[in-house]
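To start, the structure itself, in structure tokens.
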């Protein structure tokens, strides 16, 4: 047992003091020491002993007593011991200051320590231990440079002074010159091989910093061997184990850390690491306790920062963003340079992002990025923030960079793709696909959302098969497979109840009864809906409807499914069912503007005008007028109303048009690129006659509308065609109508065919007009207006053919046939009107019938005339041939005569010759008379031609014609006017009928124009009637003349062949329907 | 079940081809394809090379439908001018011209019921001349869809007199308006294979079933809301009726039980024509979407889509079996693109 002997003054005796039995009260010892005037080194020994035993108070008491002024006086000569006591006190206070966390007390301790050291210096300036102590103090205060100079002073005097060496090593370490520090430690160890483990720890730390981990580890282990309870060594080794990043290493590390904690529970480093560990194991309570302790025991910035970080992280993971934000903040505050400890910046950024403080988050993430410019997570976060801040491009840039850096990060690709969806669908699709491939490679299950997005993007790009595949992949296994397999068709539906087929849920109940589980996980609803939408696009509406119904069966509040079903039944023209379905949707949400808009649409289709307007209003109100569809619909409503008015009140029309225009404009202001509003505005402008402007608008809309699956605007094509038509550019109008028919309607739209026919009509292409109308009738057989128009077209064709100056017999014959058809069409309509099959006025149709019949009569005369003319041509040819034959005969006869001349006498010869000549002369005269007759006929024809020209000229020009007509009316003017009225009334009715069926925005204009056309038709037709009558008279006169002439011919030149031809022609007339040409040919052959 | 293109004739007519049917084979010649067009002609084609056999003229305005008697001896064609012309297939002699004003004429079909009997009797008297065969098709009936008259007109093929007019009952309402009537415009007509039932399809999508023997309306089949342009009964099941409608769907009804057995979608535009294969396992449809589709009734799905036409396909028709040992199935389609196509069906 160690003990000290205090020599008793003035004697040889000594007081033996067992060091392990020092009295609790230091005063006892002090009394002895003072009384016996014990040497100062004894004081020190005893104080140190107290210190070792942890009796700090006693230690301080003794030392303070030992440094008191009395002692100084008494022991004035014993300088070294006095200095030692002072230094011990200085070291003690330095230590106190070092561990003190409160700034003010820390300062106080340091001040005391400084005072003691200064006192010591005053005793001896050159005492190295004082300098070492001062150095330590400066180190503790963080004044590294000054500490270094203090140590250097010592080392200059004695380069092997161990404490100074250690101090300097510490300085170098703090300066970051680890190799220098290592050298110093090594020297200290060489000088004093038995120095405590702390030196080895210093070596270990240097080595660690220098990256020599194995050597560092050995150093720590050595330190631990020397002192198994060396906390620093333990912690250091533990950290090294932890960083080894192996499961076993981590476990070992944690064990060591735990032991360190057990040995000394106030080592902040160990606490932090333990907290870190418990954070990962999820024991947040422990994390908090540990870090709080750590914070209490340390003043070291980085360590505190780490502790705060741990706390913040704990709160962060618990979702307490406010608190974690504060701690991250505290952690960041403890850090001087971001690159020392970046995590809290990142965490702070995350929390701020979460709390919506994008700007601050941005700065924090950017700090992280400065240190790690290639950190994917940070890049992604930054990308997101930029997107949130509306700087899409910058966001994309970051995400692209992130995806590029880590080409295996599916998340980066997913994010990037989501970002790209709105701007570049192709790129988005590519990114999604990459993400999917990466996830599959990584063995991860691809999230449904990603698959859904891929599917939708394929869908948008019209790659329907791909889209379907992806959707099916996303859906996986489920009841829908059974449904899509068409196996459910075994359940027949009662046909009388089938009107409700899109509301029918029985199917699923039956499936359930049959033991199928009809389940639909919530996260698959959207995919299923998209799949159904796709099937709809692929025209597999049946399957689509089943899927929609499945969604509704499980989620009756899924409004969009109702609306899609309504849309399907609307497409199938089942308006009643469609309205019911929309009403179901409205039951779920009465303010859902899409549903309201759809309802309005349906009501309009159902001819429920007032209701429709109310509904559109409601839709518009439901969105505070922001829903452009509702506004547009209201605009359309006004437009329709403007033209619908039965009485055609111009005032009302103007107000409605004005209102429509206003509404379209309002939409255009909200959405400058709304095609439909632009189209509507164009229509109103066209309605007002500004064709050039409207044409420009339509052309632009048409260009913009081309190139998207979801955007199909046939209306604008029609409108454009209407404008061309109105401007008289018929060829272009025809082309436009035809393109529209082919492109959008599979040539099935009778209405457009009607427009087309009207254009042909105006362009006077009668046959095209008729064919077009026949096609339209074929498509819409119950539209009797088309038949009427066809009749008019045929009538017009015939009239115009008869007006032609040069016409072949074939032409006239086809005219007659056409007129017969027209008569038939009109008489059928007339017969039908008795039964009120359609809304035509019987009187008007009868007028047409009468007129056509009348024309037919005239035409028949024409035909006869033409046929006769044809005959005559043949006769003429025949006559010419006869003459030729006669000539030949004469020549032969002359030869014969010459031959005879030789034989007979001169007189006889002369006589015969004269006789023959006389005969010849007669023949010649006959021939001449026939040619002069034909000349005469030509002249009359020319006259007719002139008349015809003037007729034609008169017919040019659109509306002017009506005026012309009134000024020109000299024939039946009264009747004509009456008929016009009838006609107009009729047209109005027609217009209304058409109008209800109408789907095109411009239809009304069409009706208006169509009406014009029909007015014109009527006008023209009746006009023709006078023209024809006019024509018929002279031509029949001419025919009579001709007849007379041919009769005279017949008399003089009987021709057996001609009768034959006549006969043939007659039979032609009878069987003309069957074989026309063959017979004629036969006639020629006979010739 | 498969279609294979055999032959196409471009510009088979000068204008759109609107109607097609097969004239069954007689002992002297194989089955012929009969087509009608907007160009006002009716043409006969000899398979498989589709050589033009003859061109019949005589119609004004477009020919909208053609029908052949099961005997293959006579046929009828109808045009927009509302005349029906009945003619001898081999000589083109006009046998009768039918008209029932003010009713229009739309689709037509001969009563198929005594067709099987005919086969046997014909075998006996085939050596006799025309007179005998003429007798054979006496007594059967021609059904004609009567358009705006909302009725089916039945013509006796012996006397060529109108024997009955089967009217769709007027919808009960306070005032039957003009519009309601035009909605009932009858477009299509079909005989059940046993000849006991007649079905007709209207503009408004309703299908009406009649009892022929009692000349009585039985019931409606609902489900379509757009024009039903073509109807056909299954050749193997007299209850099963197929309908083609503008709503892009083909429906399969149990016409007796008033039930909708199935709805088949897939065409992108109007379905203009439907015909059932002679074996009863499939149907073919022609559509405005320019395609011809073959549907497997077992799968209730389209198994093949032919898209060789460039415009609306107005008619599809399976060749009836029979004739000089010809067993191979044939399907013909005609289109607005003026062409005719022939496919092998197997």
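Just so you know, glycine gets a Cβ as well, placed from its N, Cα and C.
Unlike curated entries, TrEMBL annotations are predicted automatically.
What TrEMBL records for A:863-879 (among others) is compositional bias 'Basic and acidic residues'.
The feature compositional bias 'Basic residues' is assigned by TrEMBL to A:951-965.
Annotation comment: TrEMBL describes A:966-977 (among others) as compositional bias 'Basic and acidic residues'.
Residues or ranges marked as compositional bias 'Acidic residues' in TrEMBL: A:978-991.
Under the heading compositional bias 'Basic and acidic residues', TrEMBL lists A:1059-1080 (among others).
Under the heading region 'Disordered', TrEMBL lists A:863-887 (among others).
Residues annotated as region 'Disordered' in TrEMBL: A:920-1087 (among others).
Taken from TrEMBL, the feature repeat 'TPR' covers A:128-161 (among others). Mapped onto DSSP helix, strand and coil, the repeat 'TPR' (A:128-161) counts 28 helix, 0 strand, 6 coil.
The repeat 'TPR' annotation in TrEMBL covers A:197-230 (among others). For the repeat 'TPR' (A:197-230), the predicted model reports an average pLDDT of 77.
The repeat 'TPR' annotation in TrEMBL covers A:342-375 (among others).
Within its own chain, the repeat 'TPR' (A:376-409) is flanked in space by residues 346, 349-350, 353, 358-359, 361-362, 365-366, 368-369, 415-416, 419-420, 422-423, 431, 434, 438, 441-442, which lie at least six positions past its ends and keep a Cβ under 8 Å from the stretch. Positions annotated as repeat 'TPR' by TrEMBL: A:376-409 (among others).
If you look up TrEMBL, you'll see A:714-747 (among others) marked as repeat 'TPR'.
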Per-state residue totals over the compositional bias 'Basic and acidic residues' (A:863-879) - DSSP helix, strand, coil: 17 helix, 0 strand, 0 coil
Within-chain partners of the repeat 'TPR' (A:128-161) [C-beta distance under 8 Å, separation at least 6 from its ends]: 83-84, 86-87, 90-91, 94-95, 97-98, 110, 113-114, 117, 120-121, 167-168, 170-171, 174-175, 187, 191
